[in-house]
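Enquirer: Encoded as structure tokens, here's the structure I'll be asking about.
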Amino acid sequence: MASSSSKFSLRAAGLGLLLAALVLIPLLPLPDFWIIQLNYIGLYSLPVLGLVLLTGVGGLTSFGQAAFVGIGAYTTAYLTVNTGLSPWLTLFIGLGITSLSALVIGSITLRMSGHYLPLATIAWALSLYYLMGNLEALGKYDGILGVKGLSLFGWDIGQRRVFFVLTWLIVLLAAFALVRLLDSRTGRAIRALKNGSQMAEAMGIDTLRHKVGIFVLAALLASVSGWLFAHFQRTVNPSPFGLKMGIEYLFMAVIGGAAHVWGALTGSALTKVLEDQLQVLLPKLIGTSGSYEIIVFGIVIVLVLKYLPDGLWDFIDRRLPRRQRAVDWQQAAALPGTPQPAHGELVLEVEAIRKQFGGLVAVNDISFQIRAGQIVGLIGPNGAGKSTTFNLITGLLSLSGGGVRFRGETISGLPSRQIARRGISHTFQHVKMIPDMTVLENVALGAHLRGHRGALSAMLRLDRAEEQQLFKEAQRQLERVGLGDALHELAGNLAMGPQRLLEIARALCGNPALLLLDEPAAGLRHKEKEALAGVLRQLRSEGMSILLVEHDMGLVMDVCDRLVVMEFGTHLMEGTPAEVQQSPQVRAAYLGTEH
Ligand SMILES: Nc1ncnc2c1ncn2[C@@H]1O[C@H](COP(=O)(O)OP(=O)(O)OP(=O)(O)O)[C@@H](O)[C@H]1O
């Protein structure tokens, strides 16, 4: 708790310092040069905050932020100069155009993965740049001159010092809104996007919708910066909105710490000050001018990437005491659950499913059933097709033939998030979690479908009651699997055994009627396996149905009611553990002899 309170006081001090700076800086006799520098740092911070959300947290690399700054800037410049509309109105028109453009561009490009996405962002950043530079109405490459400064009820707020307050007020509001967003149900879903979409989709998260959401939000932050920029500079032309600036925004995010909200401000400040100071100092040092600052700046970036790959703020953050979440959900209402099947009710029907990979038939006409309150083991030698069968049921793979019914409803062909919504939860053969989130937060992700609060609620802190319910459920499930002591641990610090238990707790958080576990005992020590067996038996006694794919025969024979044995993709036999153990066919399959 000592660390918690010291972090709290540090945070409170940091917040106080920021607010004091906001009020005091314009009053201090600082040279105008520094006020202008600070204004530019604020203007850069907004698109970079967007990149923290999009790239650092969401894992989507975009070179196109500058183009959205351009949309905001050109919209207000064009409309205020040509139609005389108030800049306060054009701000919202700019945000509207930005949302629409980001929605269209995002819906098309965010389906791409790997290097295709960054390439696509380069392509549309270039297109928008040349569009701005070639449209007669936008003044081609000369741009639009004579943009008016901002005023409020006749008061000129376009002056450097008042403008400073406006810009930084917006930056700080945006930063705090993002901090709140990232610590919420939607924030956890966004953080789950980074390492592929499989885990997030298995939690019922619509990953494309969340990707488009953060893309639009990042674009809106950029657009606000463009609006401020146009009225601060009083002129716009395409050069600050081109690809070069798009790359620079990414550098700012990376140098500052792309995964941290405060990294955006750090990176913007460092880049702006470094660039300007190098421009002044270098010619003095080497006695000649010639854009050498770009070379030195490049070297600095390479050094930062090498020695501080997670950015400067990450370096600072690691040295601050970690804040522990206050456990304030004891009194919260339990999350409502859906009615569970009665004991013995038919839960899962797998009917002649088939999967072909090219010429290889990995799963060939496999059929079996699971009833409520049963643990069914799916076993077989390596390569028998167990994991493929598992993935066909959970929707991670598409069927080549046959069908799967869950509680009487056909689920084959549905995406995995729809299958999760119907009450099937599963773990992964290779644990998938978010290492830099706590155990509790990782497990709360499993209850995603049982909450409904979105991004706006989170930013306005209207989601606290629901958050308490989600955390209460996460704690309950962690205690159920014996991890009640590890709530506030970072998930990445857990050993393999507890990691697998974390996945089970996360799966249970979805309130499933059927739990599918893919090799839950892999990498576990003897004691941990015993604990796992205890958890599985207890779940069964509470009426849970479980499909267990497992190599550990001791565990399988110990906990399963029935076993389905596969060999070379086919159904070899089905029976009780005792029947399977006595089967010469099964023994031969495992020993690799003819039967
Ligand atoms: N995506 C894929 N593309 C091509 N072949 C695949 C693919 N996934 C699995 N296979 C093949 O399908 C067969 C069954 O694999 P699967 O992983 O389902 O077996 P398994 O019984 O789970 O094996 P293990 O116990 O080793 O995990 C194997 O021959 C495997 O090489």
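Just so it is clear, glycine is given a Cβ too, placed from its N, Cα and C backbone atoms.
Given the structure is predicted, the values throughout are model-derived calculations rather than measurements.
Okay, these came from TrEMBL:
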type	residues	note
DOMAIN	348-593	domain 'ABC transporter'
TRANSMEM	12-28	transmembrane segment
TRANSMEM	34-56	transmembrane segment
TRANSMEM	87-108	transmembrane segment
TRANSMEM	115-132	transmembrane segment
TRANSMEM	162-182	transmembrane segment
TRANSMEM	212-230	transmembrane segment
TRANSMEM	250-270	transmembrane segment
TRANSMEM	291-309	transmembrane segment
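What does the local environment look like for each feature on the list?
Expert: Sequence-remote contacts of a segment are chain residues at least 6 beyond its ends whose Cβ falls under 8 Å from one of its Cβ atoms, and for the transmembrane segment (12-28) they are 35, 38, 161-162, 164-165, 168-169, 172.
Here the transmembrane segment (34-56) has long-range neighbours at 25-26, 62, 65-66, 68-69, 160-161, 163-164, 167-168, 170-171, 174-175, 178, 181-182, 190, 214-215, 217-222, 224-225, 228-229, 232, 249-250, 252-253, 256-261, 263-265, 267-269, 271-273, 276, meaning same-chain residues at least 6 beyond its ends whose C-beta is under 8 angstroms from one of its own.
Residues 64, 68, 71-72, 75-76, 79-80, 120, 124, 148, 150, 208, 211-212, 215-216, 218-220, 222-224, 226-227, 231 of the same chain lie 6 or more positions beyond the ends of the transmembrane segment (87-108) yet place their CB under 8 Å from a CB of it.
Sequence-distant contacts of the transmembrane segment (115-132) (same chain, at least 6 residues past either end, Cβ-Cβ under 8 Å): 60-64, 66-67, 70-71, 74, 105, 108-109, 138, 238, 241-243, 246.
Non-local neighbours of the transmembrane segment (291-309) in the same chain are 251, 254-255, 274-275, 278-279, 282-283, 315; each lies 6+ residues outside the stretch with a CB under 8 Å from one of its CB atoms.
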Enquirer: Are there residues at least six beyond either end of the transmembrane segment (212-230) with Cβ under 8 Å to its Cβ atoms? List them, or say none.
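Expert: Cβ under 8 Å, 6 or more out: 42-44, 46-47, 49-51, 53-54, 57-58, 60, 62, 65-66, 68-77, 87, 90-91, 94-95, 98-99, 101-103, 105-107, 110, 147, 163, 166-167, 170, 174, 186, 190, 193, 236, 240-241, 455.
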Enquirer: Could you pull out which residues elsewhere in the chain have a CB under 8 Å from any CB of the transmembrane segment (162-182), counting only those six or more residues past its ends?
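Expert: That would be 18-19, 22-23, 25-26, 35, 38-39, 42-43, 45-46, 49, 52-53, 57, 150, 156, 190-191, 221, 224, 228, 232, 261-262, 264-265, 455, 458-461.
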